[in-house]
């Protein structure tokens, strides 16, 4: 029998099975920390331009961004373009993942994203007045965006596939919540450096992106690939080793082999499906099209319900629509970002207890009411009404941090099928960045024309989101990714909506998932039904166990020992 060794698993450039010498919960904690680092970088980028775009030194270095009067349309367009060009880069990165993500794997994409982010930040930081400075800054923003697009499309999928069903939502919610903490850090750094009368005022905040990216890069170099992805690439031995490592169990344990067999079987249901974009939009029992549209809708409505209009331009909103002076607007913007970060704490308790569906509904309803208050107060401008408008903004960011901040990053990889999970998540993330670009580009122009009209538009979009959630979003809390496949297949067979099936279908064990899959005929249309008979998992189990039963105890080779010694040292 073949002797499994970790050295046999190493690729040409990176190891897919390295794990810092950690196992079980400690390894999962490290995976969570790496994911949080990636999304805190994303949040930092979101908050970065809020105060910089109208900062004195930034406007001096890039004169085209300086407004001359309250209705300088040219300057507001340049401000919008300088801020939103980042989203175009993010879109390009997400598009790359959608087409190539399944072939490359989760870990290499995150490493690539980190390196590209560093390159982009260096380009932007080194822009100097008189040397096509604004063009260089924008190019750096776009390059940074490409790196962020790779990371935001990949990290949620990677962490979802590395997590247990019972705490998957909590762990992915942690990474989403760190977006708010990254934004808060950016706001307060911008405020602190606003007293500086040199280019350090904007260069230091921009260069801080490098620090976040370096931390993510350092974590990821020795964190493992997703076992589900390894199985999809017929690298079952590596997957079995990693499942045992994540469970802190011997790869020969019956539970480990059974889990790998179930994953193997789930992946093989679509093994013969062609690797093309058309797979993402297939229908039938897989319902990939419906799942992709649901995933994309979470990101579409996250943007068009007003979150980044408030986050990217909070200082501008307080200054222009609520008529606070610039310095006070920056302070209130910092408080705004702090409340945003603190509001995410509540989501840790609600994400599993309340569930995804109810939390979506709570968030959309609360945001709709909040923006209704803001727009109503701004119709007739005076000092008292301005305070009411500010209250509406603070209520909005509280509801957003509690719900719709994290959910669009948790939900898409949960509802996607294994074969197109990376593509589905990338498709939803592409939707995010296109909508994000539109909102960030046109919000300053919209505000300049009609402050209250801007909030009325976002309030209406929030009200429209409520029926979309109610009629199309199934509950996924506490369910394995394979159970969710069953929900959509059963909805197709019964001619009903997935949310109805999810409400009535009890939680399933691994064997019950397989029984339902056989009963529903959840196999690829190009394959024969007999390939998925009731003994399939048992056959897979016997094959995996028989091929490798005597070998896995030898997995700890010299490389693993050295890695562990170096880490502990």
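The backbone N, Cα and C atoms fix where each Cβ goes, and this holds for glycine too.
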Swiss-Prot annotation of transmembrane segment - which of the ranges 271-291, 292-312, 481-501 it falls on:
292-312
Among 151, 197, residue that the record in Swiss-Prot marks as N-linked glycosylation site:
197
Between the candidate ranges 331-351, 520-540, 541-561, where does Swiss-Prot place the transmembrane segment annotation?
331-351
Swiss-Prot tags one of 4-24, 130-150 as transmembrane segment - which one?
130-150
Look up the topology recorded in Swiss-Prot and say whether residue 104 and residue 452 end up on a common side of the membrane.
no
Taking contact to mean 3 or more CB pairs closer than 8 A (sequence separation of 6 or more), are the transmembrane segment (359-379) and the transmembrane segment (292-312) in contact?
yes
Within 10 angstroms of the C-beta of residue 197 (N-linked glycosylation site), what count of other C-beta atoms is obtained when all protein chains are considered?
9
Do you know the DSSP helix, strand and coil residue counts for the topological domain 'Extracellular' (313-330)?
12 helix, 0 strand, 6 coil
Can you tell me the three-state DSSP label for residue 197 (N-linked glycosylation site)?
coil
List the Cα distance (Å, whole number) between residue 197 (N-linked glycosylation site) and residue 319 (N-linked glycosylation site).
21
Please count the residues of the topological domain 'Cytoplasmic' (151-168) that DSSP assigns to helix (H, G, I), strand (E, B) and coil.
13 helix, 0 strand, 5 coil
Please give the sequence-distant neighbours of the topological domain 'Cytoplasmic' (151-168): residues at least 6 beyond its ends with Cβ less than 8 Å from one of its Cβ atoms.
28, 31-32, 35, 38-39, 41-42, 90, 93-94, 97-98, 101, 106-107, 109-110, 113-114, 117, 175, 216, 224, 226-229, 246, 352, 409-410, 412-414, 421-422, 425-426, 429-430, 432, 478-481, 483
